[in-house]
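Structure first, commentary second.
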Amino acid sequence: MTLLRHLLTATALLGASVQAAQGVTGSPFGFASGTTGGGDATPAAPSDISQLKTWLSDSTPRVILIDKEFNFLGSEGKCTNCECCKPASNTCGSSGQNAVKQNGSDWCGSYPTLTCTYDNAGIEGLEVASNKSIVGVGSSGVLRGKGLRLVNGVSNIIIQNIHITELNPEFIWGGDAITLDGTNNVWIDHVKINLIGRQMFVAGYEASHSVTISNSEFDGETSWSATCDGHHYWTVLGYGHNDKITFANNYIHHTSGRSPKLEFNSFWHAYNNYWYNNTGHAFDVGKNTRALIEGNVMVQVDTPLLADSNPGAVFAVNTSDVSTCTSTLGRTCVPNTLISSGTLSGSDSSVISSWPSGESDVTVMAASKVASYVKANAGIGKLGNGSGSSSTVGAAATSAVAKRADSDDAPFVPAYSEAGPGASAVPTQPSWSWRTVTNGPAPTGAPSDSPSAPQGLGAPVQASNKHHHQGHGRGY
């Protein structure tokens with residue numbers, strides 16, 4: 001028995017050392033196909049948070065190994081007895097989320113003012129320059145107290161196998177885990193995100209082309225919930241104009257909204273994701289966005305698709321329209337499966353007919369395989385289980401339209417045990433940041449979440465309410 005333990009330990013260490021030597025595992029697929037990150041740069045691990053900051057932001061192509069926890073808590077001091085507010089959504093006191101009052105923003109409006117203490121490091125993420133691979137080693141790669149920020153035209157970045165956590169989870173505006181704004185070729189893979197104050201992932205107003213988010217875990221279990229139910233509301237937000245994003249093989253659980261919320265002339269392909277225990281809404285598709293939703297599984301999701309007063313186009317595949325994809329995509333689409341959930345409907349064929357080129361190496365598996373696959377593969381420390389990349393899932397195709405669906409694409413109802421566990425301002429500059437906010441005009445028609453009045457832009461919307469586009473701003 002002792003020998004067996006030693007063998008298992010040696011095997012694990014060997015796997016970690018092999019990964020450390022090679023850097024990125026697998027190859028990007030979907031819209032991020034062709035992304036190389038730091039390329040063939042020699043993988044290296046920074047010694048401390050100062051060196052990590054430097055390596056992330058310099059102009060040198062790098063493969064940066066995150067081989068331990070980098071703890072940013074306290075590294076930029078704390079804001080003590082600073083001004084916050086209590087939004088109307090917080091009806092549960094210390095179990096809810098109050099909001100940091102940001103300079104230059106009137107998001108707090110007439111909400112009661114409070115004093116609060118929060119960690120400065122979490123408010124804004126680490127700047128990431130072009131041509132970087134950020135790769136966690138084994139299960140050790142943790143960024144605590146600070147996220148990542150990709151803005152101002154950066155490109156060719158891979159983020160793989162890391163855990164981002166503890167960004168002022170008590171506070172709205174406490175920080176975002178991963179921010180994109182004006183990027184190209186970004187692959188986010190095998191990332192775990194939890195205990196975040198604001199968005200787990202956000203794409204800002206500037207277009208983020210050629211992005212894939214895959215095999216990642218969005219863990220919404222929290223002690224500070226904007227919806228007062230232990231579920232995180234601010235999950236995935238796509239606000240970029242003309243974003244092209246593949247969202248595949250992800251595990252989204254214990255959330256209550258924005259899972260995802262999408263706007264503004266973008267294309268999102270969401271396939272083979274597993275949603276579990278969402279007490280509010282999953283998809284919120286607005287203003288000119290086109291969403292292709294196929295081969296997903298939703299279990300205990302109250303509102304799979306939120307009604308919107310200005311909706312975008314949704315093609316959510318069911319058994320009756322799988323053949324609609326054939327003429328344009330060259331394959332049948334794969335039906336979604338919903339268990340103990342609300343309705344996911346949408347059959348706007350313009351999504352299919354207008355689908356852009358550039359999404360490649362896509363294989364959509366049957367819903368019958370999704371729950372077990374995603375639970376085994378999504379998140380940190382699971383690279384050896386299969387990356388979901390073109391090298392492990394399927395042979396390359398010239399585009400998404402050319403790739404055949406999994407042959408076993410009949411709808412599936414799994415056994416239940418398989419389910420698993422105010423108005424504000426907008427940045428007037430391309431560099432999208434919560435700190436650099438002015439009171440300039442917002443882009444035309446920017447939407448807002450609005451539960452029962454009087455709510456500010458960006459407040460959590462209740463599943464039973466429709467959108468009211470009553471303001472403009474950065475209130476994401």
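Each residue, glycine too, has its Cβ placed from N, Cα and C.
Residues annotated as N-linked glycosylation site in Swiss-Prot, with sequence analysis given as evidence: N103 (among others). In the three-state DSSP assignment, the secondary structure recorded for N103 (N-linked glycosylation site) is coil.
What Swiss-Prot records for N131 (among others) is N-linked glycosylation site, and it gives sequence analysis as the kind of evidence. Around N131 (N-linked glycosylation site), the same-chain residues six or more apart in sequence whose CB sits under 8 Å from its CB are T36, G37, G38, G39, T60, P61, R62, S155, N156, I157, listed in sequence order.
Per Swiss-Prot, active site is recorded for R258. Within the same chain, the residues at least 6 positions away from R258 (active site) whose Cβ sits under 8 Å from its Cβ are Q199, Y233, W234, T235, V236, L237, H281, D284, listed in sequence order. In three-state terms derived from DSSP, R258 (active site) belongs to neither a helical nor a strand segment and is classed as coil.
Among the features that Swiss-Prot reports, N-linked glycosylation site is placed at N277 (among others). DSSP classifies N277 (N-linked glycosylation site) as strand under the three-state reduction.
The N-linked glycosylation site feature in Swiss-Prot is assigned to N318 (among others).
Shown in sequence order, A376, N377 are the residues of the chain, 6+ apart in sequence, with a C-beta less than 8 angstroms from the C-beta of N385 (N-linked glycosylation site). Among the features that Swiss-Prot reports, N-linked glycosylation site is placed at N385 (among others), with the record citing sequence analysis.
What Swiss-Prot records for 412-476 is region 'Disordered'.
The compositional bias 'Polar residues' annotation in Swiss-Prot covers 426-453.
The feature compositional bias 'Basic residues' is assigned by Swiss-Prot to 465-476.
For the glycosylation sites given as N103, N277, N318, the lowest number of other CB atoms within 10 Å of the residue's CB is seen at N103.
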